[in-house]
Amino acid sequence: MAEEQARHVKNGLECIRALKAEPIGSLAIGEAMAAWSEISDNPGQERATYKEEKAGGSGLSKPCLSAIGSTEGGAPRIRGQGSGESDDDTETLGIPSRNLQASSTGLQCHYVYDHSGEAVKGIQDADSIMVQSGLDGDSTLSEGDNESENSDVDIGEPDTEGYAITDRGSAPISMGFRASDVETAEGGEIHELLRLQSRGNNFPKLGKTLNVPPPPDPGRASTSETPIKKGTDARLASFGTEIASLLTGGATQCARKSPSEPSGPGAPAGNVPECVSNAALIQEWTPESGTTISPRSQNNKEGGDHYDDELFSDIQDIKTALAKIHEDNQKIISKLESLLLLKGEVESIKKQINKQNISISTLEGHLSSIMIAIPGLGKDPNDPTADVEINPDLKPIIGRDSGRALAEVLKKPVASRQLQGMTNGRTSSRGQLLKEFQLKPIGKKMSSAVGFVPDTGPVSRSVIRSIIKSSRIEEDRKRYLMTLLDDIKGANDLSKFHQMLMKIIMK
């Protein structure tokens, strides 16, 4: 189909170039027009067939052998050479053979065939595009074919002077044409050819003139709902509809009053609706558009094209309330998520507490089995403080077994001590320890856990330096005390320095 259309366009362009190079004489055009006018008076001769006649002096090339389609109303159409054309059989417009032989136009007419090879009266093949002209109301259609807006040849009615008047779309047209045969650019080229012929003034004006419509303006697009017949690569035709936008504005603004007074009678305005503050979009629907209307829009059409102001405000309030509820739900969900996190933290804290309790119980078990030695029982018997009664709850060795390790440290056996205790009426844990196990008395002139007594040894000086460094004295004073400590030599001086240092620290 595409190759056939491309060939039609190519042949048409070659014909136009040939016409530009060697225009057809006006005499030949006049004879052809006269023959076409006779055909309009004799419809019975419309389908007569003739053999091809060779061109006498027109000079048209072979691709320019175009078929001139017949019209029942007398308006011809230029057709390109189709795929179903025959070299032997030609379609004419009722023109007798003698007229063709006598004429010098060299135009040859052919049959127009459909894809099945049958001659057709009108263009009914699948790739035809039939467009309604919509320009003249009194134009009639023949066999369901519409007038094309891009018609190639229109014949007007002759005026009183005998010249043709171009009246595009006024003649009834039944023959269609292929949209791929003649493009928009070809229309402009034909107009250029006619303009050159009119400037030459070499041709006398006859009863008929060739009229080609101007190229269509792409800016002037029709928005009316006009059916368009399109090709579907078959013998069927698909009908589309050009419709405007389905959505229109809501509320119409009030128009200002015109300052000029109307010249004619005024129109009644009793049915004009009142102005509204706001309105929803109106959904327009036509059965030809192929669209469907939702039940909501049908209910709106039944109840009115516009929403009520109060109903619209109520809907807005409901939307706002729903948005608020959604926001509150989001806040609640976020709080619940935080509670779930806290619950997990509480569970982990409980587990840690249980572990600590287990550790404490373990430590208590270990402490109950440890023996603790208490000093103070290894005193010299000659010491005046040896006879002082000590707390009876304190024992030399504390353990689960009260008599444990006593036999090893006491002078008397355990059995004798138990018998002696029974005779005295109470059990006594006191006993005389062996000399090797007795603690030596604490010397007052020696350093011990009770107190520090400085001497001339390096250990005493190190202890004093540590006391100075760990004190809260200023750094300058610390450095000064360090220098004094290095200068002290004797034990008495070192003891006095220690006492002075302790007084400074205790302040």
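Each Cβ is built from the backbone N, Cα and C atoms, and glycine gets one as well.
Residues or ranges marked as compositional bias 'Acidic residues' by Swiss-Prot: 144-160.
Among the features that Swiss-Prot reports, compositional bias 'Low complexity' is placed at 260-270.
Swiss-Prot lists 286-301 with the feature compositional bias 'Polar residues'.
Per Swiss-Prot, the feature phosphoserine maps to S86 (among others); the stated evidence is similarity to another entry.
The phosphoserine annotation in Swiss-Prot covers S151 (among others).
The annotation region 'Interaction with N0' is assigned in Swiss-Prot to 1-48. Summarised by DSSP class, the composition of the region 'Interaction with N0' (1-48) is 39 helix, 0 strand, 9 coil.
The region 'Disordered' annotation in Swiss-Prot covers 42-91 (among others).
Annotation comment: Swiss-Prot describes 133-163 (among others) as region 'Disordered'.
Annotation source Swiss-Prot lists region 'Disordered' at 201-227 (among others).
Taken from Swiss-Prot, the feature region 'Disordered' covers 252-273 (among others).
The region 'Disordered' annotation in Swiss-Prot covers 285-307 (among others).
Helix, strand and coil counts from DSSP across the region 'Multimerization' (304-376) read 60 helix, 2 strand, 11 coil. Look at Swiss-Prot and you will find 304-376 tagged as region 'Multimerization', backed by similarity to another entry.
Among the features that Swiss-Prot reports, region 'Interaction with the L polymerase' is placed at 361-377 (among others), with the record citing similarity to another entry.
Here Swiss-Prot flags 396-410 (among others) as region 'Interaction with the L polymerase'.
According to Swiss-Prot, the feature region 'X domain (XD)' maps to 457-507. In the predicted model, residues of the region 'X domain (XD)' (457-507) average a pLDDT of 89.
Taken from Swiss-Prot, the feature region 'Interaction with the nucleocapsid (N-RNA)' applies to 459-507.
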